[in-house]
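*Asks:* Under the heading signal peptide, TrEMBL lists A:1-37. Look at TrEMBL and you will find A:81-98, A:105-125, A:137-154, A:166-187, A:199-221, A:233-253, A:268-291, A:385-413, A:425-444, A:456-479 tagged as transmembrane segment. Annotation source TrEMBL lists domain 'Cation/H+ exchanger transmembrane' at A:86-480. Taken from TrEMBL, the feature domain 'Sodium/hydrogen exchanger regulatory region' applies to A:576-680. For A:582-609, A:725-786, the entry in TrEMBL reads region 'Disordered'. Taken from TrEMBL, the feature compositional bias 'Basic and acidic residues' covers A:754-764. Residues annotated as compositional bias 'Acidic residues' in TrEMBL: A:776-786.
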Amino acid sequence: MPSRSGSQRPPGSGRSSPERGLLLLLLLLVLLPLGDASSAGVGHQEHAGNHTAANGRHNFTKKPFPVLSLDYHHIQTPFEISLWVLLASLMKLGFHLIPRLSNIVPESCLLIVVGLLVGGLIKLAGEKVPPVLDSRLFFLCLLPPIILDAGYFLPIRPFMENIGTILMFAVVGTLWNAFFIGGILYAVCQSQPDLNKLSLLPCLLFGSIVSAVDPVAVLAVFEEIHINELLHILVFGESLLNDAVTVVLYHLFDEYSAAGPVTVLDAFLGVISFLVVALGGVLVGAIYGFLSAFTSRFTSHTRVIEPLFVFVYSYMAYLSAEMFHLSGIMALISCGAVMRPYVEANISHKSHTTIKYFLKMWSSVSETLIFIFLGVATVDGPHSWNWIFVTVTVILCLVARVIGVIGLTYIINNFRIVKLTTKDQFIIAYGGLRGAIAFSLGFLLDDGRFPMREMFLTAIITVIFFTVFVQGMTIKPLVELLAVKKKQEAKRTINEEIHTQFLDHLLTGIEDICGHYGHHHWKDKLNRFNKKYVKKCLIVGERSKEPQLIAFYHKMEMKQAIELVESGGGVKMPSAVPSTVSMQNIQPKKPPPAKSAERSLPQLPKGREEEIRKILRSNLQKTRQRLRSYNRHTLVVDPYEDGFGDLLIKKQKMIELEKKIKEMNNYLTVPAAPPDSPTMCRARLASDPQAYSVKQSSDSVPTIQVDLASPQSPDSVNVMDEFRRAKQQQEEEEEYQGLMMKPPQGPSGPNKPGEADTTRDPQKLTRCLSDPGPSADEDEDEPFLS
Amino acid sequence: MGASQTRTGNEHQHLMDKTGFSSEQIKNLRKRFLQLSGNEETIRNQRGDEAGAFQEIGFEQFLMVMCHFRPPTLKMTAEEKEAMRKEKLRFLFNMHDTDNDGTITLEEYRKVVEELLSKSGAIGQETAEAIADAAMLEVASTNVPHMAPDEFYEGITFQHFEQILKGLEMESRMNIRFLDVDTTTMRCGRSTS
């Protein structure tokens with residue numbers, strides 16, 4: 001093996017590093033599982049050796065003191081776990097080194113193949129494959145991070161708007177699938193001589209296991225195809241909510257498959273059980289969510305453990321739900337969705353980042369591990385291949401899904417405002433992937449009561465492979481072929497935000513006029529209730545009163561300011577619309593307003609301010625593009641990632657600048673962010689699909705407007721006054737924030753014709769930042785960053 | 001009896017063609033209209049004298065306003081959807097453009113934002129102005145990217161308005177459900193009776 005990698009020399013030096021990297025990974029891949037398997041053997045031997053040693057000697061003959069000894073058994077379990085996690089992560093690294101491959105084949109397929117290889121290697125080495133997809137391990141450790149990540153970042157608005165459709169697909173669709181598959185399989189089996197002993201209930205049980213759309217698989221595949229929001233949320237929401245149905249059906253058929261025929265009473269109890277399971281799960285999750293939000297209210301002095309509360313409360317919600325055999329997945333989703341707006345308003349921005357990164361990291365690793373384990377378990381598991389059973393299962397899954405989707409859409413379209421087209425239906429049907437949950441449920445089956453367990457497992461694995469490989473690989477070209485609408489990548493503008501809110505109010509009003517309690521009416525009521533009671537209780541301090549629009553606006557301004565500062569250092573800003581329009585183009589020319597009435601600014605709490613400054617300063621070195629997507633593998637798109645050299649130069653420039661600016665602190669003011677607003681600090685954090693959360697408002701809102709073209713307009717005079725006043729209230733003034741504001745020298749200064757040269761602006765900015773100039777008078781007509 | 005029925009039938013047919021509502025929907029809306037107007041033929045403007053506002057509206061005008069909120073049907077072609085979207089955007093535009101001069105000026109936009117934020121307590125005018133200014137700046141930047149510093153951006157025209165709200169997909173969002181069944185047991189918040 002080593003010689004092979006050494007002797008291969010890929011042509012062309014440019015391509016050598018990814019190839020070498022891949023070969024290195026393959027090497028590791030081979031070594032790790034062998035190490036794992038053989039170490040298991042070593043462990044056993046060691047153990048046996050110890051025993052014999054202990055038994056054999058009662059007279060302790062003195063041996064030389066062991067300087068170095070091997071005790072693998074001591075650390076065996078954590079070591080193996082770490083090896084597996086390491087393998088998963090290295091695989092992930094490897095795939096992204098070869099972009100061509102990851103464009104054609106979805107990651108999940110590659111991971112399953114890796115799992116197969118690893119399993120095969122272990123078997124070849126003669127060792128026993130560890131029972132990796134043990135149901136306890138799967139359900140208690142591997143699944144929760146993925147579901148929590150999905151629930152915490154669930155886009156609430158589209159989810160709630162389509163909740164009826166989602167529930168229909170999840171509940172009715174899964175029931176239809178289960179019974180259709182189970183029933184027809186039973187009929188087919190009766191006609192076959194070798195499968196005759198399969199009675200109806202095990203068939204139905206099998207049907208219910210294999211019919212549920214799997215959230216892990218859906219997430220893995222759909223993320224790479226960037227489909228439009230509606231379809232994504234429909235399929236994904238369905239995969240999450242069908243857990244309740246699956247749980248109930250599974251337990252129902254499991255219980256009664258031995259005990260005889262199911263009576264009407266049992267069926268009725270099943271329905272009741274479904275309601276209890278679903279609603280109970282949601283309730284448990286909501287309770288823990290509120291607890292978590294309430295706890296986060298008091299964490300202002302112990303910021304370090306804030307993320308811990310989020311994770312622990314969510315996990316406990318899951319475990320509590322599982323304890324009562326309620327739907328753990330629904331508990332997790334509701335916990336994450338409920339606690340998020342309140343927790344985000346309370347915690348510091350670093351905790352926010354931590355939570356985000358940890359969730360993404362865990363869910364990523366979990367997903368990778370699940371797929372690898374699927375591969376390993378395939379190699380390992382006892383198989384019993386029966387052509388008829390397996391092929392009929394696969395065909396039935398497809399057929400049932402298609403018929404189910406078409407039928408349900410026909411009914412649902414009567415109730416939807418925006419109907420689902422045929423293309424949409426096709427994608428929904430095609431996106432019904434099965435995954436590891438089905439396998440684990442099959443694994444859980446008791447061997448004694450289900451002699452056909454192995455056949456079931458083989459069929460389940462075949463279905464999973466079929467959906468993940470065939471459907472997973474072909475869905476991307478199909479989406480292109482059918483020209484399905486893709487996700488909008490554009491940033492949300494403030495106009496869109498204003499009009500979204502305006503529409504909300506407008507439609508609520510119109511519904512009122514028409515006289516029926518519609519969708520908007522209830523949403524409005526919920527919002528009022530939320531604002532009036534819940535927010536006051538769960539959000540600390542003044543932040544409970546800030547309206548959405550203002551929070552959004554602050555975020556946006558902050559982001560723009562930071563971006564512009566960064567680009568002023570010389571790097572091209574990718575997101576800006578090249579435009580020379582400035583505030584003065586919009587303001588009608590009017591005489592300066594009378595001096596505005598005195599208004600006392602709220603005192604900025606010192607600690608908050610310090611935090612804001614630190615964040616601003618650290619953000620100068622890097623800019624992040626805000627990416628409103630639900631992609632789990634790329635948190636942020638960093639346009640400057642490759643320009644590390646640039647960053648260093650910029651950093652130096654900034655440091656020089658700071659020194660210079662320290663000398664002339666009368667000309668700089670700190671952009672006083674609204675007090676107590678972590679939103680301001682977090683404006684640059686990306687990958688947050690929900691753009692708004694409740695934040696604090698203040699009486700005066702100093703705005704940070706970036707003015708590219710030039711000088712002062714009457715209104716900005718007022719703003720500058722605010723800044724000056726704010727500055728005077730602060731004790732520290734010399735810290736450079738990267739935004740230079742200039743106090744006005746007087747009311748509206750005349751616009752010098754020299755300023756009209758718009759092409760000079762970027763350079764001017766550069767000049768502005770790198771060399772502020774020696775005195776105030778000279779700077780009078782320099783563009784200020786507003 | 002028969003004559004009045006055919007007359008209302010013709011009326012309904014005329015309204016159906018004009019607005020696109022179905023017969024049941026028109027009947028329901030008529031009932032609601034009568035409820036709101038206190039069984040009279042017109043609804044009076046409660047807000048007193050406003051420049052450019054009607055003093056009272058009749059049922060047909062009521063329906064015309066309501067028909068802007070109809071959802072698109074499955075069978076609509078792309079052009080029809082585009083036309084519907086334009087119509088809805090036009091409605092919104094007219095709502096903002098209170099003096100009906102064809103542009104939304106900064107003042108008018110400021111009023112819009114102020115009203116949006118009016119329920120949120122002591123926000124202060126500064127905030128609303130700042131937000132409206134930023135929004136206006138955005139519209140100007142996207143539509144007229146290169147303006148000399150002494151040019152003045154008069155206001156948002158309808159084309160610009162369309163342009164900036166392109167991403168919102170109005171035809172899917174600006175809809176309410178018009179029921180075919182009778183739900184007039186509900187009372188409007190501020191009834192006229």
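Cβ coordinates come from backbone N, Cα and C, glycine included.
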*Asks:* With pairs fewer than 6 apart in sequence excluded, do the transmembrane segment (A:81-98) and the transmembrane segment (A:233-253) have three or more C-beta pairs that lie under 8 Å?
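*Replies:* Between the transmembrane segment (A:81-98) and the transmembrane segment (A:233-253), which are separate recorded stretches, there is no contact, as judged by 3 or more close Cβ pairs.
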*Asks:* State the non-local partners of the transmembrane segment (A:268-291) in its own chain: residues 6+ outside its ends, Cβ under 8 Å from one of its Cβ atoms.
*Replies:* 171, 241, 244-245, 247-249, 251-252, 313-314, 316-317, 320-321, 324-339, 538
*Asks:* Check the transmembrane segment (A:137-154) against the transmembrane segment (A:385-413) for contact, please; criterion is three or more CB pairs under 8 Å, pairs 6 or more apart in sequence.
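*Replies:* Contact between the transmembrane segment (A:385-413) and the transmembrane segment (A:137-154): absent, because fewer than 3 Cβ pairs are under 8 Å.
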*Asks:* Between A:166-187, A:199-221, A:456-479, who has the most Cβ pairs under 8 Å to the transmembrane segment (A:105-125)?
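*Replies:* The stretch with the most close Cβ contacts to the transmembrane segment (A:105-125) is A:456-479.
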*Asks:* What residues elsewhere in the chain lie close to the transmembrane segment (A:456-479), defined as a C-beta under 8 angstroms and at least 6 residues from its ends?
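*Replies:* Beyond its ends, the transmembrane segment (A:456-479) has Cβ neighbours at 104-106, 108-109, 112, 206, 209-210, 217, 220-221, 224-225, 227, 374, 378, 381-386, 389-390, 393-394, 397, 427, 430-436, 438-439, 442-443, 445, 450, 486.
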*Asks:* Counting Cβ pairs under 8 Å to the transmembrane segment (A:425-444), which of A:166-187, A:199-221, A:385-413 comes out on top?
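*Replies:* The stretch with the most contacts is A:199-221.
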*Asks:* Using Cβ atoms and a strict cutoff of less than 8 Å, what residues sit near the transmembrane segment (A:199-221) while being 6 or more residues removed from its termini?
*Replies:* 106-108, 143, 146-147, 150, 174, 177-183, 185-186, 189, 235-236, 238-240, 242-243, 245-246, 249-250, 253-254, 256-257, 262, 329, 367, 370-371, 393, 397, 400, 431-438, 441-442, 445, 450, 452, 456, 459-460, 463-464, 467-468, 471-472, 475, 632
*Asks:* Do you know the mean pLDDT across the domain 'Sodium/hydrogen exchanger regulatory region' (A:576-680)?
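*Replies:* That region's mean pLDDT is 51.
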